[in-house]
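Enquirer: My questions all concern the structure below.
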Amino acid sequence: MAEFYGTEVASRLMLGTAQYPSPAILEQAFRRSGAGIATVSVRREAGGERAGGAFWDLVRQLGVKVLPNTAGCHSVREAVTTAHMARELFDTKWIKLEVIGHADTLQPDPFGLVEAARILTDDGFEVFPYTTEDVVLGERLLEAGCKVLMPWGAPIGTGLGLTNIYGLRTLRAQFPDIPMVVDAGLGLPSQAAMAMEMGFDAVLLNTAVAKAGDPAAMAEGFALGVKAGRLAFEADPMEPRDMAAPSTPLIGKAFLT
Ligand SMILES: CC(=O)[C@@H](O)[C@H](O)COP(=O)(O)O
């Protein structure tokens, strides 16, 4: 079980709800993934033609915990206002905080992110900040009251996987007791498995499933990848070594003990 702000969730896979070909396919993808948390872009969904109930009802019917997000917000003010809308709509203190700082890379604005995180945690929100693998930024977010970090794997929507493995490993190692979710940029289940093998607590993704030829099958693929990676992490993997070593070193001795 993973735990975020005192809430235990059985599945370590979190899925986004955008860009699916149809509501039915979105629902199938969630069922097959077994995801326990759905993230929803409050600003985009509230502003589009789907505004007004039907989409929110669909999300509520999924029977998963909702993590509303501030996707599309480029300023502290927009993000804080959107978080307040989300709290009313979904009656939750949880908010995935995105403050985008760069239009091309969708890289978070580190300064705005920390400022918004502080305002929201002071106001009783439980903030899941979408951040980079930067250790100093991670530290500032924790000081601002965040109890979870969500470093990117790669820029949103790219499917590039874990582009800075060293940085992610360093962040994980610096704050071993903080729940961390790799969020964004994952394209394949093997990349999700790798994040889990590195000791991250969960992964969050959207595009790779929604844009797959068969989103439901891809959702199940990611669920299996996440399970495999977590099992491997818990199984205490062997240390890689440079020197070859025979797997059957002693004639007539099948076991070490
Ligand atoms: C849905 C959502 O919250 C995205 O902003 C998130 O970061 C997922 O990114 P990908 O679409 O790259 O998986």
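Cβ atoms here come from the backbone N, Cα and C positions, even for glycine.
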Enquirer: Of the candidates Gly145, Gly157, Gly252, which one does TrEMBL list alongside Ala184, Gly185, Asn206, Thr207 as binding 1-deoxy-D-xylulose 5-phosphate?
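Expert: Record source TrEMBL; matching candidate: Gly157.
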Enquirer: Excluding Gly157, Ala184, Gly185, Asn206, Thr207, please set out which residues of the same chain place their CB within 8 Å of the center of the CB atoms of the 1-deoxy-D-xylulose 5-phosphate site, keeping sequence order.
Expert: Gly16, Ala154, Pro155, Ile156, Thr158, Gly159, Leu186, Leu205, Ala208
Enquirer: Between all pairs in Gly157, Ala184, Gly185, Asn206, Thr207 (listed as 1-deoxy-D-xylulose 5-phosphate binders), what's the biggest Cα distance, rounded to the nearest Å?
Expert: 9
Enquirer: Quick one: of Gly157, Gly185, which of the binding-site residues has the smallest count of other CB atoms within 10 A?
Expert: Gly157
